[in-house]
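Remarks on the structure that follows.
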Amino acid sequence: MSEPIRVLVTGAAGQIAYSLLYSIGNGSVFGKDQPIILVLLDVTPMMSVLNGVLMELQDCALPLLKDVIATDEEEVAFKDLDVAVLVGSMPRREGMERKDLLKANVKIFKSQGAALEKYAKKSVKVIVVGNPANTNCLTAAKSAPSIPKENFSCLTRLDHNRAKSQIALKLGVTADDVKNVIIWGNHSSTQYPDVNHAKVKLQGKEVGVYEALKNDSWLKGEFITTVQQRGAAVIKARKLSSAMSAAKAISDHIRDIWFGTPEGEFVSMGVISDGNSYGIPDDLLYSFPVVIKNKTWKFVEGLPINDFSREKMDLTAKELTEEKETAFEFLSSA
């Protein structure tokens, strides 16, 4: 057995964490021979609920869980971390402007970034899930200047998986037969789900998705809006936000960071845009297609971008630039 790694999950009393913690504890994220010290952070009013989660994790009797620590203190939570999964954030309340939401979250992620800077290992991998995820991730990265900014990523894998499954459903294949869909940009309704480079396995051979579907108007219309608005559709139906599918996407995202992406496949994640070749401004936290090897991601380079894609990619970059500017006004005063 290897040395245990320390993994933090914030918002640990919430419903995404409730779906996620078992996967982390049973070895399906970091591997079946990787012991884990699991650290659970939430706000003080949630400590009673968090203790219930702690009891359940104990009752799962998971051999890989060497210790589980429940806390409401950042200095305990962020100490010596190998991985931080920042799920907790201020949710949008009814009647709340996006600006107010940004402001509340800048405060949280500035504080958590500072705690990462002060207590965590410099090699820590930080995955931000709490919305607005891209800008929260950028805020945390800016607040932890001595941790490489490449170590910070935000979750767009749920959108990626949604896109994959929509294509699979339409073609009557399994999601596994579809690869290389891309989510560009912000984890918001301006995100651009792009299947221009995606492939699908049909009768044993790989075909481009556009060629396989022969339905450009669906791909350029309803497909995109379905993926963009899927989160809202789930809330409307369930009266609760996507938790099971979000937890699965987080597991996929972290597993790929840890073990790398399969040969010939790329995935989507929000990463720092510096040095990209797609004309996206530097210093944004933007979702790109990436390949991962030795726990290090690289942009997928050289994909041809048509005019339709260009417009959508720029639109979501514009939204992210505006979000960043608003957040940074608050950041200097927070």
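The backbone N, Cα and C atoms fix where each Cβ goes, and this holds for glycine too.
What TrEMBL records for 6-152 is domain 'Lactate/malate dehydrogenase N-terminal'. The NAD(+) binding site feature in TrEMBL is assigned to Asp42, Asn105, Val129, Gly130, Asn131. Summarising the annotation, TrEMBL assigns substrate binding site to Arg92, Arg98, Asn131, Arg162. Look at TrEMBL and you will find 156-330 tagged as domain 'Lactate/malate dehydrogenase C-terminal'. The active site, proton acceptor annotation in TrEMBL covers His187.
Taking Cα separation as the measure, Asp42 (NAD(+) binding site) is nearest to Arg92 of the recorded positions Arg92, Arg98, Arg162, His187. In this model, the domain 'Lactate/malate dehydrogenase N-terminal' (6-152) carries an average pLDDT of 96. For Arg92 (substrate binding site), the number of other Cβ atoms no farther than 10 Å from its own Cβ, over all displayed protein chains, is 15. The recorded positions listed here (Arg92, Arg162, His187) include Arg92, His187 as those with a Cα within 10 A of the Cα of Asn131 (NAD(+) binding site). Comparing the binding-site residues Asn105, Asn131 on other C-beta atoms within 10 angstroms of each C-beta gives the minimum for Asn131. Counted over every protein chain shown, other Cβ atoms within 10 Å are most numerous around His187 among the recorded positions Arg98, His187. Residues near Gly130 (NAD(+) binding site) in space but far in sequence (CB under 8 A, at least 6 apart, same chain), listed by position: Thr10, Gly11, Leu86, Val87, Gly88, Ser89, Met90, Asn105, Ile108, Phe109, Asn136.
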